[in-house]
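S.K.: Can you read through this structure? Questions will come right after.
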Amino acid sequence: MKTVLIGVGQAGGKVTSSLVEFDHDMGFNAVRGALAVNSAKADLQSLPIDTVLVGQDRVKGHGVGGDNELGAEVMQADAGEVMAALDGRITAEAEAIVVVAGLGGGTGSGGAPVLARELSKVYSVPVYAVGILPGRGEGAMYQVNAGRSLKTLVREADATILIDNDAWHSSGESLEEGFDSINNSIARRLGLLFASGENVEGVGESVVDTSEVINTLRSGGVAALGYASAQADDDPDTNINVVTSVTRNALLTGTSLPNATKADSALLVVAGKPERISRKGVERARKWVEEETGSMQVRGGDFPLDSERLAALILLGGVERSSRMEEFMRRAKEAREEAKRQQEEREDTDKLFQNDDLDSLL
Ligand code: GDP
């Protein structure tokens, strides 16, 4: 899938850069253009891709400080400038546009839905979002921002692939220490998805086609991505179990949204040396994905890749009714109510000291 990427905000810019790097290192050439957009000048300076600074007249290059309403406003005000910068990058060869953002902050959280809407108005190819959810340990503001942003993104983008920051985070490191490794994990998984259908050398029996990715995401809403790999044997017959077990791991322990296994549609991509991919294994794995997701629409295909390992990549479409999604939206709502309560308490305290019967000392 020939893709143009737009990273909004700090996380968006960093993840987009990791994706560009991965696509380049692997020689896939699925990423056909990339741009990072931010209201914080400092966050753009370290990025190895082209950038656009928004909101300069409102926030003077200092960012919106976690205020996603302001993030949406500055993106709306400067949308013309961002669209102009994209003009030459989104050419007729592009098959999808992908807006990437951390949903818990300000610029990406507020700006990504605005940009998705503007892009959908102008371009006929699908506009997808990749949204990064704050980890459980991040504060209430992040959860509220992410809940509001997600609600809007799901409406404005053709589908939103969600990545929970807790999902691919190795234990023992703090979330921040882990960002680089999380970003590399995101880049590998999303990068393989974008490259599915691009790399057709040594054509296998059923190479994935871009239309399979697009059809899997057609129901819209929230999507998730799973991945796992294992050492493969030379003989495809001994790889039956390798294919079924990497598929199981990809769905049960390797998804970007843990516990999201019920889905409207799914795509199972098996990557590896074509002569090592067991057809029987793929058939069994696909049946198992059908049972596990409860979806009658499980597509599949091979991704010929020169590697000693076999990998399963599973794209799940329409996972918004999963327990993880419900838990997240409930948490965002509770955080919003708690924030409101604290605000009311602060106002009560202010009133208490505005008592005119007493004079202040100074
Ligand atoms: P913005 O610049 O105002 O859009 O804010 P950020 O992009 O920093 O968004 C904050 C959210 O993104 C928080 O939930 C962070 O955990 C997350 N985040 C920030 N940087 C990264 C990163 O490099 N990788 C990942 N995966 N998440 C990040």
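Cβ coordinates are placed from backbone N, Cα and C, and glycine is handled just like the others.
For GLN10, ALA11, GLY12, GLY13, LYS14, GLY106, THR107, GLY108, GLU138, ASN165, ASN183, the entry in TrEMBL reads GTP binding site. Residues or ranges marked as compositional bias 'Basic and acidic residues' in TrEMBL: 330-354. As annotated by TrEMBL, domain 'Tubulin/FtsZ GTPase' applies to 2-202. The region 'Disordered' feature in TrEMBL is assigned to 330-362.
Describe the structural context of these features.
M.R.: The secondary structure of GLY12 (GTP binding site), as reduced to three states from DSSP, is helical. Within 10 Å of the C-beta of GLY12 (GTP binding site) there are 32 other C-beta atoms, taking all protein chains into account.
If you look at the compositional bias 'Basic and acidic residues' (330-354), the same-chain residues 6 or more away from its ends with a CB under 8 A from one of its CBs are 140-141, 143-144, 146-148, 150.
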S.K.: Which one, from the binding-site residues GLN10, THR107, has the smallest tally of other C-beta atoms lying within 10 Å of its C-beta?
M.R.: GLN10
S.K.: Per the record, GTP is bound by GLN10, ALA11, GLY12, GLY13, LYS14, GLY106, THR107, GLY108, GLU138, ASN165, ASN183: how many Å separate the farthest pair of Cα atoms?
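M.R.: Greatest Cα-Cα span of the listed binding residues: 20 Å.
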S.K.: Could you give me three numbers for the compositional bias 'Basic and acidic residues' (330-354), the DSSP helix, strand and coil residue counts?
M.R.: 24 helix, 0 strand, 1 coil
S.K.: Please give me the CB contact count at 10 A for ASN183 (GTP binding site), counting all chains in the structure.
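M.R.: Within a 10 Å radius of the Cβ of ASN183 (GTP binding site) lie 21 other Cβ atoms.
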S.K.: If you count CB neighbours within 10 Å, which one among the binding-site residues LYS14, GLU138 has the smallest count?
M.R.: GLU138
